[in-house]
Every structure is written in structure tokens, then in C-alpha cells.
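Engineer: Below, the features straight out of TrEMBL:
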- 665-674: compositional bias 'Acidic residues' (COMPBIAS)
- 1318-1327: compositional bias 'Acidic residues' (COMPBIAS)
- 1333-1353: compositional bias 'Basic and acidic residues' (COMPBIAS)
- 234-354: domain 'C2' (DOMAIN)
- 396-526: domain 'C2' (DOMAIN)
- 932-1056: domain 'C2' (DOMAIN)
- 1103-1229: domain 'C2' (DOMAIN)
- 1441-1561: domain 'C2' (DOMAIN)
- 1680-1829: domain 'C2' (DOMAIN)
- 644-674: region 'Disordered' (REGION)
- 1266-1288: region 'Disordered' (REGION)
- 1318-1367: region 'Disordered' (REGION)
- 1925-1947: transmembrane segment (TRANSMEM)
Amino acid sequence: MALVVHLKTVTDLRGKADRIAKVSFRLSFYTRVLENCEEEARFDELQTFRWPVASKIDENEMLEIQVFNFSKVFSNLIGTFRMVLQKVAEEAQLEVSDTLIDDNNTAIRLQTNITIEIRYQPLDGTMCTWNDGEFLDVPDDPDGTVRFETSSLLSGYSNGSGTSLGKASHGLPVLRAGKRVFSAMKLGKSRASKEKKGDLAFLETEDLNRKSSRKDPDSISVASVTAVTTNVSNKSKPDIKMEPTIGRPVDYQISVTVIEARQLAGANMDPVVCVEVGDEKKYTSAKESTNSPYYNEYLVFDFHMSPDFMFDKILKISVIHSKNLLRSGTLVGLFKMDVGTVYAQPHMFYHKWAMITDPDDMGGGCKGYVKCDIAVVGKGDNIKTPHKTTEKDDDDIENLLIPEGVPAERPWARFYVKVLKADGLPKMNTSLMANVKKAFIGENKDLVDPYVQVLFAGQKGKTSVQKSSYEPAWNEQIIFTEMFPPLCKRMKIQIRDADKVNDVAIGTHFIDLSKISNEGDKFLPTLGPTWVYMYGSTRNHGLMDEHQDLNEGLGEGISFRARLLLSIAVEIMDTSVETPTSTDVQVEPLQSISEESAGKIEDFFLFGSFLEATMIDRKIGDKPINFEVTINYGNLIDGASKPKIRKTRRNEGDEESELMHHDEGEEDGDDEDLVPVSSTPLMKPMITENYYHLPYFDRKPCIFIKSWWPDHRRRLYNSNIMDKIADKLEEGLNDVQEIIKTEKAYPERRLRGVLEELATDCRFLTLANKDENQSGRTKLDRERLKSCLRELENIAQQAKLIRSQVKKNTVKDKLKQVQNFLQKLRFLADEPQNSIPDIFIWMISNNKRIAYARIPAKDILYSIVDEESGKDCGKVKTIFLRLPGKKGFGPGGWTVQAKLEMYLWLSLSKQRKEFLSGLPNGFEEFRDVPPANSGPPTTLIYNKQVFQLRAHMYQARSLFAADSSGLSDPFARVFFSTYSQVTEILSETLCPTWDQLLVFDHVELYGEAAELRDDPPILVIEFYDEDNVGRAEFIGRAFAKPLTKMSDEHYGPPLFPPPLEYYQIYRGNTPAGDLLAAFELLQIGPGGKADLPPIDSPTDTDHGPILPVPVGIRPVLSRYRIEVLFWGLRDLKRVNLSNVDKPRVDIECSGKGIQSTVIANYKKNPNFSTLVKWFEVDLPENELLHPPLNIRVVDCRAFGRYTLVGCHAVATLRRFHYTGNGKLASNWDTGEIIINMEPEPLIKKMDTVVKLEASSDAVVKVDMNDDGKKKKKKKKKGEEPEEEAEADESTLDWWSKYFASIETLKERLKAEEAALAEAEEKEDMEIAAETAIKPDVKASKGKEKNKEKTKSSKDKKKNQAAELAEVESQPKVDELLVYNKELEHDFNDFEDWLHTFNLYRGKAGDDDDVNATDEERIVGRFKGSICMYKMSLAEEFTKEPGFDPNLGMFQGIPHNDLIHVLVRVYVVRATNLHPTDINGKADPYIAVKLGKTEIKDKENYISKQLNPEFGSFDIEAIFPMESMLSVAIYDWDLVGTDDLIGETKIDLENRFYSKYRPTCGISSTYSFGYNMWRDPMKPSQILSKLCKESKLDPPQYGPGGRVKVANRVFLGPSEIEDENLKKQTDEHVALAALKHWEQIPNGGFKLVPEHVETRPLLNVEKPGIEQGRIELWVDMFPMDNATPGPAVDITPRKPKYELRVIIWNTDEVILEDDDYFTGEKSSDIFVRSWLKGQHEDKQDTDVHYHSLTGEGNFNWRLVFPFDYLAAEEKIVVSKKESMFSWDETEYKIPARLTLQVWDADHFSADDFLSIELDLNRFPRGAKTAKLCTLDMITNDQELPSVSIFKQKRVKGWWPCAAQDENDELYLTGKIEAELHLLTADEAEKNPVGLGRNEPEPLEKPRPDISFIWFMNPMKSLRYFLWHNYRWVILKALGLSLLLLLLGLFLYSIPGYLVKKLLGA
């Protein structure tokens, strides 16, 4: 599918000018510039435009052509031609002539006409077919004027930067200018017959009308627009990796820090946390009686295995209750994820909460949370520990241990793996066993009993075993129950052979769940039904299979093993309908499915031709060799058991013939008899130097195989389309990196071009959706198609956005972002449902398989649409065969077993007519297999072309050290086709300069000359080390393609002669140096060699007839002077068992050199007496071509003998190159600049932040206004004002300063994050405003969530920044700077003038650790420096006043005499040490070594501690003999030697002499007390010294705290308080100047502040993996200066405190007991309390018996003494872990008080209620019981909190709470308590008694004993009767009174009546 526009002419133009045209259809292109055109511009010779169109052309789409008068400054529009493509879409071919129009759509006055031809071919081929060749011919042009016109436009193009010709990896046509320019839409190679001579157009990136007169360097003129698409990365450098990477074992360390657990289900438990990785388990210690245990324990697991196996291991964190020696305990719950999920984070989860669940109680929900850190580190990985956020964030249980994007609440799901059937299984018994079995049984059954095993999320499921079957049918489904989404990435599916002794794996397949699901599109994992293909060892089964590991999935499979029909589905469980019971794996039977369900079976035709077989390893011997190609079919040696895939019409004949001779109804009749040819004829090899080759010459053998597979080509087509986009993107990114690396101009333009192409490719792309075979279309096919289209659209939009952001200074950042697109595309292109198995090519000798290559079927799959074809389909590809299995690792993987030039083609048999279309032309077909008249050829007979190859071998550098001396004797061997030549051997060098031309005179190549020109064969250059004894040793290999010149082409610029280029040398997959060379292939024409460019005769008579590299190719040289500073030698090791006594340094560069003076006595003084020497040398003008500089140290022995000690090669001299711009231009203002350190008085006082350079870690805080009044925090309504913490000097120590600094570090990192988020948001808004992109509705919907997420995170960060800004300044502790890395990292390794060069000796090491690693090869260090400059610059600086010619460029360096130094090493602490003891802990102690002085602090080892704190050490040393400081941490052992945990080394000499002054860091303030000034020199003295050294005037101090240095004025306080007396001082203001010394003009730099640095601890036995980190700093003081003060005391103070807790009352405690007599609820209440970590010291109140209302009265005092670290806010507990422990272990535990309310009579697991108060921040107690509510716990963040350490005394009511079944909190009681904190001294002065005892007794609230019946019966009656029967009693009393009144009435009424009657 393509639209081609051929622009012919533009006529009737006005005047004479340069013309250019712009053609637009979906994307814009420019033509080349036609210079000096008059009336007619003829473009037809120059320009054709081609758009591969993946979607049909719409009838309304438009083509637009604009014609311009071209100018580099401003191009004006002549006119425009527009045309609707309706007619083109209908007729496919048009020739149009029309008048140009102006902007108003009217014809321009001159009636300028344009003539074009348009052709269109749609996908379905409905239009007439046409050949590009009809009108793409370029006229002959012997002068090269037309060809090379492009190069005049190329931005930054210079003679020598052209790349050699060669096909791109996807075969795009190549510009004859040597640079290939992409078409914007071109994705695949055109057919061989097409576009051989067509030129592609340039891609537009900037609007043509943008004026280039702007000063913006990013603006682009038309002239430079070509730089966008210029391909810089050289296609003459094929990227070929020899050694397999899959399966290579690597060192891994998994570290898990279990911090604490919360809300564990159950109560009164003794929880233990078990961490399990694979089969290894480790446990924490047990914590008693708590469901919120605190551990802070560090567990480490070490592994050595392949990454795939490592990342599939399941990491389980489980909590176990009551585990001890006798019982295993009961499982509370567990959490699991695979190791790969952690590694992808990257590498770690930090301070996250793992939610644990019980697999046997799936409906039970969450069983608790475990807070932990998990890190997975491989060799060489660096983990960046994230800064700890606030305590709130840390303690927030919503901060769950799950990857980003996974929901917090994960539902349960069922994973159905449906295993249907398998076929093609290999024989699993040897022929011997088969014969024995046949003899006994009498029949030959299939000797395999297969079953399928599925491993997922740590669980295993198996099908039933099918006895004796090569084609088993199981029809079973295995059901896993797991939370969704699962935290395990891959499912492992194995077919295994059941055996009575040991089951054996037949084949393994991994399914990555992320590839069969999509979170964004919300489709659950789904697969198939589809066939999955399994690979492993070869199919011939012996008694011992050496490649059995491959069948287990360990490494790359080397043969087809079997295929399995399966499907996967996932169903989310609705817990409201069904409650899951267990996670056990279930197996259920299934109905069998139809044959067609996996797709319609089609027959495929595979054709291959071996054009060349060279570089065959000599070890194979000279027996005949042949090659076999198999796609399972074609495997003749092993007697492969083929799947019976088709129903055939034959009923007779064996299985093999059935499979090979299928009828094909739609094929020709003679195809029925097609006999496959899967192997080449046997042929005896011939010798090429130290390889063999097969003499194919002009007869190229062919193979062809028919095979039958389900037809799902659509899947592979889509994969190929995306792969090609990715290939093009990768190539473009390599270009950009090459431009950056070689420092060429405008990398940003190339990156914009790459992004433009990417956006266009992704936007105008249609994935194949039509499918003739609908039967096998699966749900995954449909969902994956939608998902891929959506992702590609998303990538296109993002690419367009990023393109608009690319600026010169953002190129590297944007490059990293675009790399993510590449990874995404590769991920999308990986098809999980592969429908055709891989192709294997085997080299066979003596009927044994020797070496193989494996090629994915999709790479060679044919399609009529270019974009859908495989990248290697129909192309000649270079294939290197390698050894199978483990043999391929190490040296075996470096060797080339054979190099094949091979053509492969695969498609349906129906399309077979195309199978030869991609072969190089110039062949005749030959058939020797009947029928001879038809069918594929068995041999191709090619025409011969004769060439001369010239290999210009100039130089190599940084080669592999192969000799024990640390050097090599290298020579190079160049292989080209069947030819080979060798350079001379240069002895003892790693950087040989051969300067040699190798001429291959009569090179015969086969094929058409023009095709050989475009795609010549690959050159292989191998490097060897010559040894006197034995064979030469291989040290590396490079690959190249020569630049080809045909006999009719002109030999001249810009292509010829070719420039020298660097080629990467590899040893296996490891880079092993660079080769500087050029290669050209010249065709020998009819005139013979006489027509070739002449070769200079040899000029070097000493070396015999060696041809030098010709003048046009060798670099242009200039005269340079190299000055060398010889300072000294350090740490030289013995040579041949004798010490080095009189060393000398030899410097050599490009054949010239110089020697240092000999050190007379190395032991007494290892420094040189003469410091500076120089020599002159001729070096290339181009800095990139500069040769390395070699440093060698020799020991001068007796009788004039010299012994090599060690050597070093300085690969690049660029950092030592002085260009004359070394001194900064004096562009500073001459006026005074005042740097005001004091904040304005009106503004509320803030810390003044002086921002330093962005790359630095340091932000200096200047807070000089200490006299300002401290403000109180604003009082909130209804709240008490919170008291400020007064900065009490007596309570502050160095640790206070240290921890305050760590908080500042966290705040700063947080502020930086917030600022970054704000900048990103601002940038996004700008881009949106600029581009005004309106995304599709679909895309915007898809992005809404992401936007919300990013917006919320950005808002959060901005809020954090706002919070930081709002904090009013509090009285601060003085601070220092904590570096989370080595100090050297921020200060250029302290190599400002003195450099360290490591000296190496011995053979270099490899990944397999056969030889020494680089670290072990170091035999010493050379201290010195180098300065290189052109001789023309020498006069510049020699005329300066005070210039010392003896020192050259090294003016002002100090003397290198011996110096006595006092070294103070402050080791603050070590963190996360690697455990060395069985109990998972270590007993560390510190060992400090400097020279001969070693301090081992063994007596003060710290028991069972992985985060120990140490102290300070003083050492007196003599520099330079004792200058390498080693700080090591050992593990103390009672028996045996102590183990080294890890060590770090610091070069003190470089620090001592550095200008950055790291000898004693500059403090933030000049003061006394805990922050005493440490340096013996005061700030004013240091300032004066710096001014003197920088050649500045002395500092001028002025009144009011001012100092002037150069033209900078610094302000600061002028008084200091000492012993309450204020004195006048200049020290504060001098210190202000020192802290901002980098602002001083002409030579200012940053001084090292007071600091603590963090260094990794390393162990030689575990190279590349950190064994922990150590925090320290080093002070150095020269002994001849003033004596420094005492060392800073950094021993942590543990002030003793006493916490007195008075339990007054309880209320509303839930009642547990039932009364025997009355059934009344009651409780016998008492309160238990302890400090966390001191459970064994728990204390109880007395019992309040028979509480009927939940009320309890105690008045009981509890007393807890403890040690407390105020700086860390931790309690320190020292206790023995067990009765067997040797000594006590120290724990640091958060200060938390536990209060529990118990029922004394109730014995169940839930017999207490508790509350835990964090003594540093807990809610203020309620004043009354009524005010005490649950809000105090749930809304604790909103309520005011108090710290007992500040408040000292607190009284109030606190609630107890528990969780109900729905995990909701409910109130279970209230406690009234009083907390009183005293220091140990205060407690001693005011003692109190426990309980209610003296002194200060408390009164009794109630009687002591429980016999209340006797003591107070009324009270008991009141509780029992009145409480329950009060209404009954009241009613009874009322009734009694009524009856009494009635009785009295009846009793008295007769008397009253008588009296009344008688009238008495």
C-alpha cells in the first residue's frame, strides 16, 4: 500500500534563484534545492516521494505542493498546488499539470505551471499493479554531482563524518551520499526489484516560514533541516552479540527488614514473622502478649542463579502465633509476591505495609499488617533509598506493600488453566531400553507417560498421567484461587514424564500475565485456546542428557520438544454470592474441543539458501559437514515424532510419509510429490587461516520444507509492524546517542526528527484485523488488538508532546523518556500466542549436532504488505552459530562455531511463487530432485564479481590484558568471506598502533554488483594475544561492513577515501576495547587493477613490506606538548616475591615518551624528586582520534635489569586537554556586590536559603539573626498555646545536631520533589498552550485516571512545599550536612590537580571469575597529573609574571615532602550490615587501619546488632607513606577467626592536598558548647590564607559586621557570646564569606562543609554487592601547625528516665463474667502496663472485684525506669535473647506505653482490652469520662497531641477500642491515668512507692479484700437487689403503704361511725 508522487517540472518562473518544493500528504517533505534556476525548474531528475499508507486513502484527503524561492535566511512562497485525491483513489494512476495559486486561492499572475505524476496501490490490490522502476530511474551521473547534492545541505557534515553504505536493519533504500535519510513512514524494505535507485525525500520538522534570523539556536532553516533525518549511527557497524544471556547465573541479595506488625487478628498472642524466599526460611524473634509487635530485624538471603529463576521465586511473609522449639505454631496470615515484582520497583519497597490474609479462611478478610522494607539487589545494582517521609505517612496503613497501580483492596479470583492435549513429544527412553521393553512385552508402545504441571503463585497443580502416549489428551482444568491482580508475574507450565524413580521435564513454557491482560482496558488474563510450543534439549534421548536444564526452562532451548493446547481464563469471585473457603488447587475434567478451535490448519513452505559458510571452528575436525534446517519438520536425525495435524487422503504408509506428502487440493498436482530437502549435502571443509570454510563458491545449496500449522499469521504480522516501528526508533535513538557522544552539532534536531517519525508511524498505522480463519480467533486476539491500537495512539500523542519540549539542554532527559517508548513497543510486539514454532539451523558433523542458531518464525514470515513481513524475510542475513546449552557460556560463547550468509523465506504454500523474490540477483536455478521441471531449486548458480578489499588497520585501544604482566602482545586477523589476513604483532601493549593496510587482492563475491554495493558481506576482525608457547589467545572481536565502490564510480570526496571510525570490540557480550579502522571494497572492472586508486609503497623499511595507512585516510597531525606531573607511587605490591625498591614511571604516547626520576628508596619516601617533565608529540587534530597514553611502572633492579610492576592506559586525554580557555573570562562586575545574610526585619523570620549549583547535594542555611525574639505559635480557638521546646544547651549534644540535620535532608529532598512537580505542571501547561492538541475522546477517557493520579500526587507535593514554607522559624539546633553517598562524589573525587591512576598487573578477569577481577589486579597507584596543549599555546602562559618554567602548567602546587598529620576518624554508625551468624545477626566491631597502624576495637564489639554505633579514633600518620585509610567492620566470633563483613577505603592524601579543604569541614556557625569550632585555624585565618592562595587582596573588615573579599561584601553578626560575656569578633562574618566562597570571582569554589558521609561497605568475596553502609567523617590536622582541640564526643548519651503512671479509675469496661446466682454481667478488673520491649517487666494494679458497671477504682502507681535516646526518639533496652546467649543484645524501640485492662477470672484469648500511647505524640487526655470518645483514636491527626518528654506531666481519660467483624472500631472501656516523667536525678531526689506504698502513698479507693458480703452487706444488697429490682421494690412499697392505709381506714371507720351516730 503506497502513494507515490513524482514531481517533474515547474515552469514559467520569474527571475533566477534557488528553488525548493514542499510536498504534503499526511506528512511533509522537502525536495532538494535546485540552484540558479531560471524560468523552468526540472525536479524529475531529483525527487520522488513515497508514502507507505497503512490505512486507505480517503476521497477527501488532499495533496499539497508549495514552491519556494529558497534562501538560508528567508524563503518566500511562489505558489501552491492543491489536489483532492478522489480521482487518484479511483484510478490509481494520474498525470496532472496545473497552475499554482496564491494564499487567496487565485491563480498567480505569471501562470506558473506544475507537472506531477501520482500513483496509488491500495492494500487489497484492486488497482492495477505497477513497478516503481517505471519512473524512478536516476540518470547516469559519472561526476557524482546529482548524487552528492544532499551532502551540501547536511548540517554538521564534514569530510570524514560520512557513514559507510550498508542496508539498514530493515533494508531502507540508501542515499548514495553515504548517509541514509528516512522516509517518515517507511517501515519495511521494498521488494528487491523496486526502488533500487530511488531517492527518498527529507522529512520536515520545522515550518519553512520560520525565520532563521532569530538568535535561538534551536530554530531551523531549510538548509539544516536535513540534519533531522541524517542517519549518524553507522550501519557499517553491525550490532551482533555472540554469547547467550539467558540462563547465565548472577549473584543476588534479598534483604527484608521486618519493622513491626499491627492489628494482628487475635489477642494475647506471641507473634513471630517468618520470611520465606523459595525454599529458604528465616524468622524474627518472638514478641510476647501483643498484637502490635515491634521487631526492626534485618533478614538477608543470598542466591546465585539465573535472573528468570530468581524472579519467579515467591517471597512469603507470614505471621505465626506461639512458635517455639516444640511446636510449629499456628498461622495467623501470610502475604506473597514474586521477587521479580520487587526488582521492577526499582529494586525495593521502602516502609510499606504488607496486608496478610489466611489462605484457609478466605472470607475472613485482613488478618493484620506487617511493615517492612524489601530490597532485591543484583551484582552492580545501586539502590537509592527513598527519603523517609513524615511519621504520619510511615504509620499510615494505607501505604500498602503493592506495586503502583494495584488497588489496595484486591478481590479473590479463580484462575482456570485448561489443559487439553499435546503432541509431538520426543522419545523419553533410549533405544537400548526400548529394545529391552519390546523383548519382554512383545510390542513397541510409546515410551512416555506425560502429565502437565502448572506452577503459579507458589502453588502447584498437576493433571492426570496419560500412560504410553506421544499424543496425550487430558481435557482437564487446573483451578488456582488467588487475589487479583496477583503479585506474581509468570505462570510456569511443564510437560513432565512420569517415572517411578524420578519425573523428568519434557518441556517448559512461561506465560507472562502482563502480556495476556491489560489493566487499562480492563480485560482479565485470557489465553487461547492456542498451541504453546516448548523447547529444550535435542530430541535424541540418551541415558544422560547434558542439556536437561534446558527442559526445565533454564536457558535457551535448542530444539522443539512438544506443543500443548491450552487456554487460560480468570473469573473474579463475588464474595456476596459465594464465600471462598480455601486456596487449594483443584483439578476438574473438561469436555474435549473441536480440531478447528485452535485455528484452521494450513501448510507452510519454508525455503532457505546457504550463500556462504565460513569461520567454521577448527576443533570440529576436517570430517564432512552439513547443515540442517528444522521447523520440527525436517528433523531427520532424531526420528522426530510429528504431530498428526491433518486428516490425509492416504490410509497407508508410515506416519513420516503422511506428514511429508500431504495432498493439497488448491495446489498444482505435481506439488503432491514434492520431496522436502531439509539439509545441505555433506561437504569437506577447506582451511582459511585458523578457521574452515565450505567451498560453496558459485553453487549455493538450498533447503525447502513443508509443514502444517494453525494459520494465525495475523498475530505475527501485527507483531512485525510494531517491531519495525521499534527498530526504526531504536536506530534513531542510537543516532542521537552517537551525535552526543561524538559532540556533533544539533542532537536535539535529530531527536525531534525521531519523535516526529515515531508519532507518524504510530498514528497512521493499521494493525491487521482481517482474518480468513475466524475459527481460531480468541478473546485475547480481539482485546490485544484494541489495546495495541490504543497504546500506539497514546505513544503518538506523547511523542508529539515531548517533541515540542526538546531543547538543547533537555536532550538527555528526553532521550531517557523516549527509551521508555522503545521498551513499551518491544513489549507490545511480543506475541503471547505464537502460532508457528521457531526455526533451528544445526551444523552437523560425523552425525553429531555441533552448533545451532534459533530464528523466530515471525522474522522470516512473508506478507504482500512490506510492513507486515518479517525483518529478515527475503533478505540475506549473517548468522553466527553457537554451542548449545551451558557450553555457550564463557570462552565457549566467545568462539564462532560457524558464520553463515543465509537467505530464509516462510509463508503459505499458496504464496510460494514469491519465495525467490528477495534473493540477490544474478543466479540460475538448478534442480536435482524430481520433478526437475518444477518445484524449488536445490542449488542456485551465481555470477562471479571480483573486488579488492582494503582494510586500513590504524589503531586499537583498551584491549583485554591477556598476559600475567597485565599487558598483551596483540595482533588482528581480518576475515572477509573465505579470505583472511593478519596484522603484525606488537609486543606488550594494550593500545597497539598498527598503521597497516591489508590488501585482499582477488576477492570473489557472488551476486549482482549493485546489490553487493548496497549490502556487502560482513567483515569480522578478531584480536589475539601472541604467546611464545601454545596457541594465540582470543581477546576480542569486532564487526564491520566495508564501504563499496563500483568500477564505474568516481573515487573522491565526500565518500572516498573512507574516514577512520571506531568499532566496538566485544569479548562475548562484554566490551573489550575499540578499533580505529576503515574498510573499503573496490570493484575490479574491465581495466583490471590499473583502474583502482594507487597504493603508497611501504615507507617503513625496518618492519619489511608492511603497507601503511594512506595519507588521505590517516588523521591530520598537529604538534602537541604533554606535561607530566610526577608526584609519587603508592601501595606497590611485590613483584616475583621481592619488594619494589627503586621504581620509575615511563610515560608513552604515540611512540614518544618520557621517564621519571628513579625513587632512591621507595620505603623511606615514595615521592619523586623532580616533579614536572614534558615531551612533544604529533597527535591527530581530531580529539576523538587521540591515542591513549600509557603509564608503566618498572622496578630498577641490579645489573641494569628492569621488572614491570604495573601499567595503566589513559584511554582518553580529553580531560587533560588545555585549550587556552582554562582561565575564566573576567566578566564579573567591577562594582561591589553586597551579599546580605540578614533577613529583612519586616518579613517574618525565615531561614535564608542560599541555593548552590543544581548538581550539588548541599543547600546552605544561613541563620545569623540569633538575637531575634522567638514567636509563639498562633493559638487556635479553644486550644491551649503549645509550648515551644527551649533549646537547652545541657540537653543538646552532637547527636541532636546529627538528627536535626537528617530531618533537614528529608525536608530538602521533599521540597525539591515539590518544586520539580510544580515545574512539570508549569511545563505541561505551556505545552498545552503551545500545541493546543485536541486528543481523541477515547484517548482522553483513557487518560483521565492517570491525570487525576498525577494531579493528586503533584498537589500533594505542592502542599508539602507550602507546609515547609509556612513553618515559622523555631529556635534551631545547629546543623551539619549529611551526604547519602561518598564525599568524593560531590567534589570531583578531590582530583582538582592531583590524579590517581591505578596500576594493573595480571590477566584480566571475566564474568565467570576464572581470572582476577579488576580490583584484584591492582598492584599500586601512581599519583600525578597530565596536561596536554598545542605548541602554539605555549607562549600564552610563559609570559605571565611569576611563571616557573620548571613547573610548567602546574604552577602553585605544594612541595611533596614528608608531612606528619593527626588523623581523626569519627565512625558514627553502620546500617543494614550483612548478617554473618546463624541467628541472622552479627557481633560487629570496628577496625581502622592507616599504614602500619591498625586499631581493632575487638573488646568493644556490639552483640547481635546490625545497626551498631561506634566512636572516634585518633591516628598519627606520615604522608605519603601512610595515606590510604581502611575502615572495616568485622564480626566477632567466640571460636575461630573473625569474619570480615565489609570495608571501605579512603585516599587521605588527595583530600589533604585538595583545594576544597576537606581536612576539617566548615561549620555552619562559629560557637562554643556542643557545636564547638573544631579547626585549630579560626575562620578569619582560613579566609586570609585562601585569599593569599587565590592571589586576591586580603579581606577588608568593616564596621557593623562587614567583610570585603575581591568585590564581594559579606554581612554578618559582629558579636560572640562566651561565658555570658559578649565580645566583638570578625569570625562570624569571615565564616559567612567562607560558606559562599564559590561566589568569589576568578577562582572561587565550594568549600567542604561540616558533614557526615555515607560509604558502602564491600567485601571481596561478594563483589559488586553492598554489605551495608557506614556513616563517618575524617578530620586531618598537620602536626606542625597549632594543636587541635579535643575530639568531638560522639558516644550517644542515654539519659535515664523514670515514668510514673498512676491508674486512677476505669469506666464503661465491657463485662465478661456471668454471676452464678443472678446471671448478672460483671468483671474482676485490673490494669496491666509495660513499656514496649520490656514485657517481662510488666506491672499490674490490684483487682477491682465484681465490677457490675465497668467502673474500677485503683489509685495505683506503676514505675518504669528506662534509657532514652532523645535524638532518635527510641528507648534502649539491653537484654539476653535467651538463656544460651553469651551476652546482652541492645535493642532500640519506639517509646510506647501499653495499658491493658484485664478480667482476672476469664481465661480466653480475648481477655484484655488495650491502648498503646506513643510517648512522643499521643492525644491529650479527656478531662472527664464523658468527653472521652473514640474520636481521640480515629481522629488523632486532627486533635492536639502531646509529648511526655516536653509536657512532663499529663492526666486524663483515654479510650480502649477493639474491632468488630466488619473491622470497625467500637469502644470497650476508658482508663483514667496520670503520666509523670522524671529524669533519674529527679527521681532519686523525689522517690515514690509502688502501688499505694510509701513514700507518697495513695489513698485506698475501696476495701482490700473481696469478702464484701461481711464487711459491707448493705452495699452488696444495693448492687444485687436495688440495681435489678428497684421498680419492683418501689411498687411493693407503694402497694404496702396503700394496704396499710386501707387497713387503718377499715380498722378506724366503725369507731368514727359510732361517734358520728351518737353525736359524741
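Cβ coordinates are placed from backbone N, Cα and C, and glycine is handled just like the others.
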Engineer: When you look at the domain 'C2' (1680-1829) alongside the domain 'C2' (932-1056), do they share 3+ Cβ pairs under 8 Å, ignoring any pair fewer than 6 residues apart in sequence?
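Structural biologist: Taking Cβ pairs at least 6 residues apart, the domain 'C2' (1680-1829) and the domain 'C2' (932-1056) are not in contact, as fewer than 3 fall under 8 Å.
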Engineer: Looking only at the domain 'C2' (1680-1829), what are its DSSP counts of helix, strand and coil residues?
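Structural biologist: So the counts come to 3 helix, 75 strand, 72 coil.
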Engineer: Are the domain 'C2' (1680-1829) and the domain 'C2' (1441-1561) near each other by the rule of at least 3 C-beta pairs under 8 angstroms (pairs 6 or more apart)?
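Structural biologist: Output yes: the domain 'C2' (1441-1561) sits against the domain 'C2' (1680-1829).
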Engineer: Restricting to the domain 'C2' (1441-1561), what is the model's mean pLDDT?
Structural biologist: 86
Engineer: According to DSSP, how is the domain 'C2' (932-1056) divided among helix, strand and coil residues?
Structural biologist: 6 helix, 58 strand, 61 coil
Engineer: Per DSSP, what is the residue tally for the domain 'C2' (234-354) in helix, strand and coil?
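Structural biologist: Its residues fall into 11 helix, 60 strand, 50 coil.
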